[in-house]
Amino acid sequence: MGASQKNQELIGGLILFSAALLAIVVNNSPLASYYAMLETINVKLGIENLVIDKNLMHWINDGLMAIYFLYIGLEIKREIIVGTLSKPSNIITPAIAAFAGLAMPSLIYLSINHDIKVINGWAIPSATDIAFTLGILALLGTRVPAKLKLLVITIAIFDDIAAIAIIAIFYTKSLSLLSLSLGTLFILAMIICNRIFKINRSSVYVVLGFFAWFCTIKSGVHATLAGFTTALCIPFRENDKDSPANFMEDSLHPWIIYFILPVFAFANAGISFSGISFSILFEPITLGIIWGLFVGKQLGIFSILAVFKKLKWFKLGESFSNLQLYGISLLCGIGFTMSLFIGVLAFNDTHLLNAIKIGVVVGSVLSGFFGYIVLRFIVTNPS
């Protein structure tokens, strides 16, 4: 990771945090009525009977986040072909650690929340916000070796793959087979353009991907799946910086960290304290998310990394201390944007959403703070 990219990750993390803080301030000020317009102003896209009519909040969650998952898909494709995921030995331990880091928070959430009305939120504390995590890693600088950062990114990649699967399987509320079939045809068209006709023009995949996204929204399946599958269809050529996948990933990166994720954070993090008492911190859904992110994530990930290192099944881990592995396990509990995203898919009740936002913010802050403390002040020999 070059110096300029480190600076981008650091600045991006600070902007993301500022956007979330601004949302809370605005939604608890005289400007709150303007903030509410995110859910009252509708925008239409389409012609005649082929129209998508959604409010600004939905456009951010269905549109901008689809672009974010397109970017995630491009990153994953590159890592599979030429990166860390191209070697099976580098895949097994981070994949199992990511799964444990998904399962443990979900189990903690379900152990606290028994009401059928809130069980649907089990996946909220299972996510990791890679943008925030990379921002803290950039802040730590040389205190975190490059290989350790690579391990965090690899775990986060598997976390993202799991999040996409969870959203597609568990948070699809209705299904139009016709629209889904049409979306699949556009995906197949991209595969044909790539594999058979060897078309390298990015614009072709942008247009076909847009129609795949449009049909996916109409089908009822969440649009993030269209973004991810589109990325997998875009040509990637090894040692060719101008291949469509490389070009699009490089082009999207600044938009993701400086615009898309901050806008999402601003739109979704606006906790309104009006009518909320301190007791909301102790509601089961809030506690389930806090303990899931802060305890479940670190417990699931660190237990796998430490055990596999002890058994010598994790060669990369032999160069790290247990404290370093524990520190990054803590950082993986920063759920923030991804947890908020799953939360707004799971519920639409205002009180529940406020409880979710508080739980996500508290759990993420605890994870980020203590992860930073461990890696910055407690680890004695970072190299």
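First residue shown is number 1, and so on along the chain.
Just so you know, glycine gets a Cβ as well, placed from its N, Cα and C.
Per Swiss-Prot, these features apply:
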TRANSMEM  10-30  transmembrane segment
TRANSMEM  56-76  transmembrane segment
TRANSMEM  91-111  transmembrane segment
TRANSMEM  121-141  transmembrane segment
TRANSMEM  150-170  transmembrane segment
TRANSMEM  174-194  transmembrane segment
TRANSMEM  206-226  transmembrane segment
TRANSMEM  254-274  transmembrane segment
TRANSMEM  289-308  transmembrane segment
TRANSMEM  327-347  transmembrane segment
TRANSMEM  355-375  transmembrane segment
**Message:** Applying the under-8 angstroms CB criterion, which one of 56-76, 121-141, 327-347 scores highest with the transmembrane segment (289-308)?
**Reply:** 327-347
**Item:** Surrounding residues of the transmembrane segment (121-141) on its own chain - C-beta under 8 Å, 6+ positions past either end
**Value:** 6-7, 9-10, 12-14, 16-17, 101-103, 105-106, 108-110, 113, 149, 152-153, 155-156, 159-160, 162-163, 166, 170, 256-257, 261, 285, 288-289, 291-293, 296-297, 331-339, 341-343, 346-347, 352, 356, 359-360, 363-364, 368, 371-372, 375-376
**Message:** Out of 91-111, 150-170, 174-194, 206-226, 254-274, what stretch is closest in contact terms to the transmembrane segment (10-30), meaning most Cβ pairs under 8 angstroms?
**Reply:** 254-274
**Prompt:** With pairs 6 or more apart in sequence, are the transmembrane segment (56-76) and the transmembrane segment (206-226) linked by at least 3 Cβ pairs under 8 Å?
**Reply:** yes
**Complete:** Per the Cβ filter (under 8 Å) with a sequence gap of at least 6 from its ends, the transmembrane segment (91-111) is approached by 84-85, 119, 121-126, 128, 151, 154-159, 162, 288-289, 291-293, 295-297, 299-301, 303-305, 308, 313-314, 316-317, 329, 332
**Message:** Can you work out whether the transmembrane segment (327-347) touches the transmembrane segment (150-170), with the criterion being 3+ CB pairs under 8 Å where the paired residues are 6 or more apart along the chain?
**Reply:** yes
**Item:** Other parts of the chain folded back onto the transmembrane segment (206-226), taken as Cβ under 8 Å at six or more residues beyond its ends
**Value:** 45-46, 50, 52, 62-63, 65-66, 68-70, 164, 167-168, 171-180, 182-183, 186-187, 189-190, 193, 233-234, 345
